[in-house]
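According to TrEMBL, the protein carries these features:
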DOMAIN    A:2-120  domain 'Response regulatory'
MOD_RES   A:ASP53  4-aspartylphosphate
Amino acid sequence: MLGVVIDDSRAMRKILRSFLADLGFEVLEAGDGQEALEVVSGADSVPELALIDWNMPVMNGLEFVLEVRKRPEWRSMTLVMVTTESEHSQIVKALASGAHEYVIKPFTKDGMIDKLALLGLVPVGVL
Amino acid sequence: MSDQAVLPTTNDLEDIAGQVWAAFLDDGHEVVPSEDQQAPFDLSASVAIMGAFEGHVIVQCTTQASRDVASVLFEMPTEEVSEAEIGDALGELANVLGGNLKSMLPGPSTMSLPRVAETTHEHWPSTVEICRTVVTWRDEQFTLLLLSSDQQHRLERDVA
């Protein structure tokens with residue numbers, strides 16, 4: 001499985017990369033939404049999963065979600081917002097824009113696994 | 001903004017710090033409120049909150065403390081972390097603390113990207129302190145602050 005971690009914090013990318021690698025994902029990284037569009041475009045296959053921060057320079061996470069949803073060839077990509085934005089209106093906006101799930105920082109590893117399991121993205125044996 | 005808005009307290013700050021440290025900086029050392037509520041610092045990371053609440057969330061600590069944070073987040077020896085990694089780690093800490101505090105503030109509001117400054121004296125003009133605490137982790141102290149730019153809060157402070 002291929003995943004992409006999109007966050008302007010290198011520290012957060014490292015945490016999420018390690019988490020996905022433990023689940024068996026091959027992991028790509030991007031520091032903002034624009035870079036993520038380029039990384040996904042250049043990938044050998046469409047990632048099954050994108051973990052997306054909201055507040056980023058250049059192109060934020062919500063704009064990235066909207067861009068992905070314009071491209072039918074990327075429809076299979078599961079989009080999960082991983083962000084400190086925790087206002088109800090923001091969560092609704094992200095989900096209405098095409099995100100599948102929403103995780104608020106700080107998250108625990110178990111909490112994140114539970115969210116991904118609901119999306120069918122956790123290999124048998126991990127739970 | 002409503003006069004009835006309930007703003008975060010020092011206890012809220014300490015609770016959020018406990019959650020953030022437990023999730024991201026779980027290296028076996030617990031974060032606890034410090035007995036000494038004045039702590040030295042030479043680095044300051046902040047996020048601005050803009051909207052129904054206007055203000056700043058600030059984390060201040062020493063370079064050594066921020067090295068420890070970067071060391072845990074990047075899983076590398078303290079002496080090997082770079083200045084960029086220190087800035088990134090401290091900025092993300094302010095970002096996560098700020099996001100969680102924002103959820104307790106009147107909304108809607110947006111939050112800026114984190115800003116990290118090397119300073120021993122940072123001035124936040126036209127603000128009033130809503131709450132603050134100093135927490136200790138790995139024998140290093142971190143000052144956490146929520147400041148408001150709201151004129152009503154300044155008036156209330158002046159009356160008090």
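Placement of Cβ uses the backbone N, Cα and C atoms for every residue, glycine included.
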Under a three-state reading of DSSP, tell me whether the residue listed as '4-aspartylphosphate' is helix, strand or coil.
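DSSP assigns the residue listed as '4-aspartylphosphate' to coil.
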Does the residue listed as '4-aspartylphosphate' have same-chain partners at least 6 apart in sequence with Cβ under 8 Å from its own Cβ, and which are they?
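Sequence-distant Cβ neighbours: A:ILE6, A:ASP7, A:ASP8, A:SER9, A:MET12, A:GLY61, A:MET81, A:VAL82, A:THR83.
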Go ahead and report the DSSP secondary structure tallies for the domain 'Response regulatory' (A:2-120): helix first, then strand, then coil.
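Result for the domain 'Response regulatory' (A:2-120), in helix, strand, coil order: 55 helix, 24 strand, 40 coil.
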If you average the pLDDT over the domain 'Response regulatory' (A:2-120), what number do you get?
95
